Amino acid sequence: MSTIIVKTPVTVGLQELFREHKLSKKSVVLFDSNTRKLFGDVVLEALRAEGFQLVELVIPAREASKSFSVAYRLYGQMIEADVDRSWNLLAVGGGVVGDLGGFIAASYFRGIPVIQMPTTLLAMTDSAIGGKVAINHPLGKNLIGFFHLPELVLIDPATLASLPRREIYAGLAEVVKYGFIADANFFDMLEAHFSEVATLQEPYLTEAVKTSALIKQDVVTRDFRELDGLRATLNFGHTFAHGLEKLADYRHLRHGEAVTMGLVCALYLSHRLGFLDAPSLERGLRLLQQFVFPKNVVERYFLASNSALLLESMFSDKKKLDKKLRFVLLKELGQAFLFEESVEDSEVLAAIESAKECFRQWQQK
């Protein structure tokens, strides 16, 4: 599996680290326009100082960059620069850079090594770990891709200081998810210190990032290709979230914002189906109540949505099987499972309506 390094600064000693992992000192370094401006000089200078041969690539900082057209352009630049299978690709950025970089690495010369250097909380704790890499199709998100594990995941929590608050909260959705699905003690820590993590205070931030990354790594190690349902538990709340993202045209909602809404729906569904008790439901909701959204985002893209249309949009999600939706539910805080039985539409719709009412009450406080 991947080696995960969490430290500040993470760019020190890369030559030795690459040597230990049998990686060449020939790297294609992929940025988006934002991460190039924020971190490009530091990363490139650190690599050059240690004798790396580099090819630099930059993509627009937007979800639309996860496309065949952008990938083809980058393939061309790599071919023109004589990049062969002895090279590796270092992806410096958030989920878009990591997904596109991993997709290109998985497919170029039938696969070259990829190193992920995530710079957003969402990427550090989720998308950069586990080897799922993909691009989008007009009919759905992340539908075309590979399993291609990174050799290294290089995480520097200090880079999060560059993020706007909206991106921090978007990433926190995945962090909180790990407490829900896999680690009750981690949930307790987040319950006690959510404000410190949200404001990037140490040691709580690094603890949250490292614990999240290691939980994801552990789950992926035990069920790499989602064969026994364990890895599917990472998708707690995501079936709802992907439906919300589709309704918002994959543009108006951050993934983590949709996940936060989806977590509330999934908590209610777990309770309605008789698995999660009322006290645990309330604890979960109290934690999620602390999330902050931009003005009107919840109203416009969740409360004003048609619940039946949301349910219909959920059927484009990758977690459907044999045209049936599969839901990850909680037995208790810290223990999730993949519910293999069909869930009546009426139960799903009732969970959505309960979640909407919950958000309405939060907005009034």
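Note that Cβ sites are derived from N, Cα and C of the backbone, with glycine treated the same way.
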Checking Swiss-Prot, the member of HIS238, HIS271 that binds Zn(2+) with GLU174, HIS255 is HIS238
For GLU174 (Zn(2+) binding site) and VAL97 (NAD(+) binding site), the CA-to-CA distance in whole Å is 18
THR120 (NAD(+) binding site) to HIS255 (Zn(2+) binding site), Cα to Cα, whole Å, comes out at 12
By a three-class reduction of DSSP, THR120 (NAD(+) binding site) is assigned coil
Note on Zn(2+): the CB centroid of GLU174, HIS238, HIS255 has further same-chain residues inside 8 Å, namely LEU122, ASP126, ALA173, LYS177, GLY237, ALA241, GLY256, ALA258, VAL259, GLY262
Cα-Cα, HIS255 (Zn(2+) binding site) versus LYS141 (NAD(+) binding site), nearest Å, comes out at 11
